[in-house]
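Working notes, beginning with the structure itself.
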Amino acid sequence: MPAVSPTSERKLARNNAKSTNLDHERNLARNHQVRYIGAADEVGRGALAGPITVGFTVIDIDAVLDFPELRDSKLLSAHRREELAPQVKDWAVGYGVGHASAQEIDELGVTAALRLAGSRAVALCAVQPDAVLLDGSYDWLSAPEQDLFDLLEGDREPVGLEVPVTTIIKGDMTCQAIAAASILAKVERDGIMAELALEFPHFGWDVNKGYATASHRAAIVDQGPCEFHRQSWNLTSTTEKDKGKATGTKAK
(Lines of atoms letter the chains of each structure in order from A and count residues from 1; the text may use other names and numbers.)
(Lines give C-alpha, C1' and ligand atoms only; values in the text may rest on other atoms or scores of the structure.)
Protein backbone atom coordinates (compact mmCIF):
# COMPACT_ATOMS: atom_id res chain seq x y z
CA MET A 1 0.00 0.00 0.00
CA PRO A 2 1.55 3.39 -0.99
CA ALA A 3 2.58 5.73 1.78
CA VAL A 4 0.29 8.67 2.49
CA SER A 5 2.07 12.02 2.27
CA PRO A 6 1.84 14.52 5.14
CA THR A 7 -0.13 16.84 2.85
CA SER A 8 -2.66 14.09 2.11
CA GLU A 9 -2.91 13.25 5.80
CA ARG A 10 -3.68 16.89 6.62
CA LYS A 11 -6.27 17.03 3.84
CA LEU A 12 -7.97 13.87 5.09
CA ALA A 13 -7.97 15.24 8.62
CA ARG A 14 -9.64 18.46 7.47
CA ASN A 15 -12.17 16.53 5.42
CA ASN A 16 -13.02 14.20 8.28
CA ALA A 17 -13.63 17.22 10.50
CA LYS A 18 -16.51 18.34 8.27
CA SER A 19 -19.67 16.91 9.76
CA THR A 20 -22.99 16.22 8.12
CA ASN A 21 -26.42 16.53 9.71
CA LEU A 22 -30.13 15.96 9.10
CA ASP A 23 -31.19 19.62 8.89
CA HIS A 24 -32.11 19.59 5.19
CA GLU A 25 -33.93 16.30 5.57
CA ARG A 26 -36.00 17.57 8.49
CA ASN A 27 -36.76 20.86 6.73
CA LEU A 28 -37.97 19.03 3.62
CA ALA A 29 -40.19 16.73 5.67
CA ARG A 30 -41.66 19.69 7.52
CA ASN A 31 -42.22 21.79 4.39
CA HIS A 32 -44.05 18.98 2.58
CA GLN A 33 -45.61 17.40 5.67
CA VAL A 34 -44.18 14.00 4.77
CA ARG A 35 -42.36 11.20 6.56
CA TYR A 36 -40.13 9.36 4.10
CA ILE A 37 -37.29 11.43 2.67
CA GLY A 38 -35.23 10.16 -0.24
CA ALA A 39 -31.77 11.30 -1.27
CA ALA A 40 -29.75 10.78 -4.43
CA ASP A 41 -26.19 11.25 -5.61
CA GLU A 42 -24.35 10.13 -8.72
CA VAL A 43 -20.89 8.91 -9.56
CA GLY A 44 -19.29 8.35 -12.94
CA ARG A 45 -20.90 11.24 -14.81
CA GLY A 46 -17.58 12.49 -16.18
CA ALA A 47 -15.88 9.14 -16.78
CA LEU A 48 -14.86 7.92 -20.22
CA ALA A 49 -15.80 4.32 -19.47
CA GLY A 50 -18.21 2.36 -17.33
CA PRO A 51 -21.70 3.20 -16.16
CA ILE A 52 -23.23 6.26 -14.65
CA THR A 53 -24.29 5.14 -11.19
CA VAL A 54 -26.86 6.67 -8.84
CA GLY A 55 -27.13 5.84 -5.16
CA PHE A 56 -30.43 6.37 -3.38
CA THR A 57 -31.42 6.23 0.28
CA VAL A 58 -34.76 6.65 2.03
CA ILE A 59 -34.98 7.62 5.70
CA ASP A 60 -37.93 7.70 8.08
CA ILE A 61 -37.73 11.22 9.48
CA ASP A 62 -39.76 10.16 12.52
CA ALA A 63 -37.32 7.44 13.51
CA VAL A 64 -33.95 8.15 11.88
CA LEU A 65 -30.89 8.36 14.12
CA ASP A 66 -28.14 10.92 13.64
CA PHE A 67 -25.21 9.41 11.72
CA PRO A 68 -22.45 12.06 11.88
CA GLU A 69 -19.78 9.69 10.55
CA LEU A 70 -21.30 10.00 7.08
CA ARG A 71 -19.28 12.07 4.61
CA ASP A 72 -19.20 12.72 0.90
CA SER A 73 -17.76 9.51 -0.52
CA LYS A 74 -14.94 11.40 -2.25
CA LEU A 75 -13.62 12.50 1.14
CA LEU A 76 -13.37 8.96 2.48
CA SER A 77 -10.79 6.28 1.85
CA ALA A 78 -11.90 3.21 -0.07
CA HIS A 79 -11.56 1.16 3.11
CA ARG A 80 -13.76 3.55 5.08
CA ARG A 81 -16.41 3.56 2.35
CA GLU A 82 -16.47 -0.23 2.43
CA GLU A 83 -16.93 -0.11 6.21
CA LEU A 84 -19.77 2.41 6.04
CA ALA A 85 -21.76 0.88 3.16
CA PRO A 86 -23.37 -1.94 5.20
CA GLN A 87 -24.02 0.50 8.04
CA VAL A 88 -25.84 2.80 5.61
CA LYS A 89 -28.05 -0.10 4.52
CA ASP A 90 -28.97 -0.76 8.16
CA TRP A 91 -29.52 2.95 8.87
CA ALA A 92 -31.86 3.67 5.95
CA VAL A 93 -35.35 2.20 5.62
CA GLY A 94 -34.79 1.90 1.88
CA TYR A 95 -31.80 2.00 -0.45
CA GLY A 96 -30.86 1.21 -4.01
CA VAL A 97 -28.10 1.66 -6.56
CA GLY A 98 -28.96 2.01 -10.24
CA HIS A 99 -26.81 2.14 -13.35
CA ALA A 100 -26.98 3.32 -16.93
CA SER A 101 -24.50 1.59 -19.22
CA ALA A 102 -22.04 3.23 -21.58
CA GLN A 103 -24.29 2.20 -24.46
CA GLU A 104 -27.30 3.83 -22.80
CA ILE A 105 -25.29 7.00 -22.18
CA ASP A 106 -24.35 7.08 -25.87
CA GLU A 107 -27.96 6.53 -26.90
CA LEU A 108 -29.70 8.85 -24.45
CA GLY A 109 -27.15 11.46 -23.41
CA VAL A 110 -25.93 12.15 -19.89
CA THR A 111 -29.04 13.79 -18.42
CA ALA A 112 -31.46 11.10 -19.53
CA ALA A 113 -28.99 8.40 -18.52
CA LEU A 114 -28.76 9.90 -15.04
CA ARG A 115 -32.55 9.91 -14.83
CA LEU A 116 -32.65 6.28 -15.94
CA ALA A 117 -30.05 5.19 -13.39
CA GLY A 118 -31.83 7.16 -10.67
CA SER A 119 -35.18 5.59 -11.51
CA ARG A 120 -33.63 2.14 -11.33
CA ALA A 121 -32.13 2.96 -7.93
CA VAL A 122 -35.48 4.15 -6.55
CA ALA A 123 -37.23 1.04 -7.87
CA LEU A 124 -34.95 -1.08 -5.67
CA CYS A 125 -35.88 0.75 -2.46
CA ALA A 126 -38.02 -1.19 0.01
CA VAL A 127 -39.74 2.06 1.00
CA GLN A 128 -40.60 4.71 -1.59
CA PRO A 129 -39.88 8.39 -0.86
CA ASP A 130 -42.46 11.13 -0.36
CA ALA A 131 -39.95 13.85 -1.29
CA VAL A 132 -36.33 13.80 -2.42
CA LEU A 133 -33.09 15.69 -1.87
CA LEU A 134 -30.78 15.66 -4.90
CA ASP A 135 -27.12 16.63 -4.82
CA GLY A 136 -26.22 19.49 -7.14
CA SER A 137 -27.96 22.45 -8.72
CA TYR A 138 -29.88 20.75 -11.55
CA ASP A 139 -32.84 18.40 -11.20
CA TRP A 140 -32.12 15.51 -13.54
CA LEU A 141 -34.27 13.09 -11.52
CA SER A 142 -37.82 14.40 -11.95
CA ALA A 143 -39.93 12.92 -14.72
CA PRO A 144 -39.84 15.10 -17.85
CA GLU A 145 -43.02 16.27 -19.50
CA GLN A 146 -44.38 13.65 -21.87
CA ASP A 147 -44.46 14.36 -25.56
CA LEU A 148 -46.32 12.55 -28.35
CA PHE A 149 -43.52 10.03 -28.85
CA ASP A 150 -43.57 9.13 -25.16
CA LEU A 151 -47.30 8.44 -25.35
CA LEU A 152 -46.87 6.27 -28.43
CA GLU A 153 -44.08 4.26 -26.77
CA GLY A 154 -46.00 3.46 -23.62
CA ASP A 155 -44.19 0.18 -22.97
CA ARG A 156 -40.84 1.85 -22.31
CA GLU A 157 -39.19 1.60 -18.90
CA PRO A 158 -40.75 4.28 -16.64
CA VAL A 159 -38.17 6.97 -15.97
CA GLY A 160 -38.17 9.91 -13.56
CA LEU A 161 -39.83 10.68 -10.25
CA GLU A 162 -43.21 12.30 -9.71
CA VAL A 163 -42.58 13.32 -6.07
CA PRO A 164 -41.09 16.73 -5.13
CA VAL A 165 -37.33 16.96 -5.76
CA THR A 166 -35.19 19.62 -4.07
CA THR A 167 -31.63 20.22 -5.25
CA ILE A 168 -28.90 20.97 -2.71
CA ILE A 169 -25.56 22.32 -3.92
CA LYS A 170 -22.80 20.31 -2.25
CA GLY A 171 -25.50 18.30 -0.54
CA ASP A 172 -23.12 15.37 -0.14
CA MET A 173 -21.05 17.62 2.16
CA THR A 174 -23.92 18.54 4.48
CA CYS A 175 -26.84 16.09 4.18
CA GLN A 176 -26.46 12.70 5.81
CA ALA A 177 -28.95 11.00 3.50
CA ILE A 178 -27.17 12.31 0.38
CA ALA A 179 -23.75 11.41 1.78
CA ALA A 180 -25.09 7.91 2.46
CA ALA A 181 -26.31 7.64 -1.13
CA SER A 182 -22.93 8.79 -2.43
CA ILE A 183 -21.16 6.07 -0.45
CA LEU A 184 -23.40 3.32 -1.82
CA ALA A 185 -22.95 4.57 -5.38
CA LYS A 186 -19.18 4.92 -5.11
CA VAL A 187 -18.64 1.50 -3.54
CA GLU A 188 -20.77 -0.30 -6.12
CA ARG A 189 -19.37 1.49 -9.17
CA ASP A 190 -15.76 1.09 -8.00
CA GLY A 191 -16.45 -2.62 -7.62
CA ILE A 192 -17.80 -2.81 -11.17
CA MET A 193 -14.73 -1.05 -12.57
CA ALA A 194 -12.38 -3.29 -10.59
CA GLU A 195 -14.07 -6.35 -12.08
CA LEU A 196 -13.90 -4.92 -15.60
CA ALA A 197 -10.20 -4.19 -15.04
CA LEU A 198 -9.57 -7.93 -14.81
CA GLU A 199 -10.83 -8.28 -18.39
CA PHE A 200 -9.26 -5.05 -19.68
CA PRO A 201 -6.13 -4.53 -17.52
CA HIS A 202 -4.42 -2.18 -19.99
CA PHE A 203 -6.94 0.61 -19.28
CA GLY A 204 -6.06 0.79 -15.58
CA TRP A 205 -9.69 0.86 -14.44
CA ASP A 206 -8.80 -0.62 -11.07
CA VAL A 207 -7.06 2.70 -10.36
CA ASN A 208 -8.67 5.37 -12.56
CA LYS A 209 -12.22 3.92 -12.37
CA GLY A 210 -12.78 4.87 -16.00
CA TYR A 211 -11.95 8.56 -15.63
CA ALA A 212 -9.85 10.56 -18.07
CA THR A 213 -6.32 10.09 -16.78
CA ALA A 214 -3.40 10.55 -19.16
CA SER A 215 -2.57 6.84 -18.98
CA HIS A 216 -6.18 5.88 -19.71
CA ARG A 217 -6.31 8.10 -22.78
CA ALA A 218 -2.94 6.77 -23.94
CA ALA A 219 -4.22 3.20 -23.64
CA ILE A 220 -7.29 4.09 -25.72
CA VAL A 221 -5.02 5.52 -28.43
CA ASP A 222 -2.81 2.42 -28.32
CA GLN A 223 -5.45 -0.30 -27.95
CA GLY A 224 -8.60 1.38 -29.21
CA PRO A 225 -11.80 1.74 -27.16
CA CYS A 226 -13.81 -1.24 -25.98
CA GLU A 227 -17.53 -1.86 -25.51
CA PHE A 228 -17.49 -0.25 -22.07
CA HIS A 229 -16.23 3.10 -23.36
CA ARG A 230 -18.66 5.89 -24.15
CA GLN A 231 -18.23 5.94 -27.90
CA SER A 232 -19.95 9.32 -28.38
CA TRP A 233 -17.36 11.03 -26.17
CA ASN A 234 -14.02 12.57 -27.08
CA LEU A 235 -12.05 9.64 -25.71
CA THR A 236 -8.57 10.70 -26.78
CA SER A 237 -8.65 14.50 -26.60
CA THR A 238 -6.11 16.04 -24.25
CA THR A 239 -7.47 19.58 -24.30
CA GLU A 240 -9.33 20.88 -21.27
CA LYS A 241 -12.14 22.08 -23.53
CA ASP A 242 -12.90 18.58 -24.81
CA LYS A 243 -12.19 16.42 -21.77
CA GLY A 244 -15.19 14.41 -20.66
CA LYS A 245 -17.50 15.86 -23.30
CA ALA A 246 -19.76 14.03 -25.69
CA THR A 247 -19.32 14.62 -29.39
CA GLY A 248 -23.00 15.07 -30.11
CA THR A 249 -26.24 16.26 -28.57
CA LYS A 250 -28.48 13.53 -27.20
CA ALA A 251 -31.92 13.28 -25.68
CA LYS A 252 -32.54 15.13 -22.46
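Yeah, the Cβs are placed from backbone N, Cα and C, and that goes for glycine too.
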(message) Quick check on the annotation: TrEMBL has Asp41, Glu42 binding divalent metal cation, so which of Asp130, Asp135, Asp139 does it put in that site too?
(response) Asp135
(message) Just to confirm my parser: what is the rounded mean pLDDT across the domain 'RNase H type-2' (35-245)?
(response) 92
(request) With an 8 Å cut-off on Cβ-Cβ distance and a minimum sequence separation of at least 6, pull the same-chain contacts of Asp135 (divalent metal cation binding site), or say none. (result) Ala39, Ala40, Asp41, Glu42, Thr167, Ile168, Lys170, Gly171, Asp172, Cys175, Ile178, Ala181, Ser182
